[in-house]
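Peer 1: This is the structure, below, for whatever I ask next.
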Amino acid sequence: MTPEFLVALEALAAELRPWALDGALVFLRIGAMVALLPGFGEQIVPARVRLAVAFAFTMVVTPAAQGVLPPAPETPMALAWLVATEAVAGLALGIGLRLFVMALQTAGTIAAQATSLAQFFGGANVDPQPAIAQVLVMGGLALAMIFGLHVRLAELMILSYAMMPPGEFAQPGMLAEWGVGRVSHAFALAFQLAMPFVVISLVYNVALGAINKAMPQLMVAFVGAPAITFAGLAMLLITAPILLPVWLNAFHAFIADPSVAPR
C-alpha cells in the first residue's frame, strides 16, 4: 500500500468514526424494538432476516437522530448506562407494539371459545392458537403491511428520541402506569373485536335453553352444534372486514403517539 492510500484510509476512518458510534447507539434501541415488532419480529422470521431489518432501520433512523445523540461515553459505567437506557427504550416500545398482535390473538381465542371452534387449531405456528385467531393475526399483519407499516415504524423510531432521550431512564412510576394502561387497552380492544361472537354465543345458548325446555326429548346439542359452528364461520366472514380496520386504526393511533393514554 502506498503512503497516499494509507493517509486517505485514515482520513476516511476519522470521517466515519462519529457515524459508526451514532449507528451503534441507534442500533441498540432499534435492535430491541425489531425483536418484538409485529410482522418483522415474528419468531417464524429467520434471525438473519430480523438482523437485516434492524440494520436497515438503523441506516434510516441514524441521520435523523444524530442531533439528539449524546457524545461518546468516556467511562465504562457511562457506556453501560447508555446501553441500558437504549435497550429499555426499545423494549418498551416493542412491547407496546406487540400487545396489538396479542389483542388479535386474544380476540380470536375468545371468538373461537364462544362459537365452539376452539378445538380447531391454526396452521404450523410457534404459539398454538385457534384457527380464528390465526386468521385475524394474519389478516391484521397483512393489512398493516399494505398500509406502509415499515414507513410508520421508521417514523415511530425517530419520534421515540423526542419521547425517550438517549441516556435518560423513564420514571419508573410513569413507565409502570403506561405499561398497565397499554395492557388494559389491549384486553379491551380484544373483547371489543370479539363482541359479535360473544353476542351470537349468548343468543345461541338462550335459544338452546328455550328449545330444551319446550322439547325435553329433543337432543338439542346435536342440532345446535352445527348451527353455532356455521354461525361462527359466517360471522367471521361478515365481520372480519369491519374488525380489522378497527384494529388497524388503534394500531396507527399508537404509532402516531405512543405516549397518549389509551381510552
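Cβ from N, Cα, C; glycine included.
The feature transmembrane segment is assigned by TrEMBL to 20-40, 52-72, 78-101, 135-163, 183-206, 218-244.
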Peer 1: Counting Cβ pairs under 8 Å that sit 6 or more residues apart, are there three or more between the transmembrane segment (183-206) and the transmembrane segment (78-101)?
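Peer 2: Yes; at least 3 Cβ pairs under 8 Å.
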Peer 1: Could you name the stretch, out of 52-72, 78-101, 135-163, with the greatest number of CB pairs under 8 A to the transmembrane segment (20-40)?
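Peer 2: Going through each listed stretch, the top one turns out to be 78-101.
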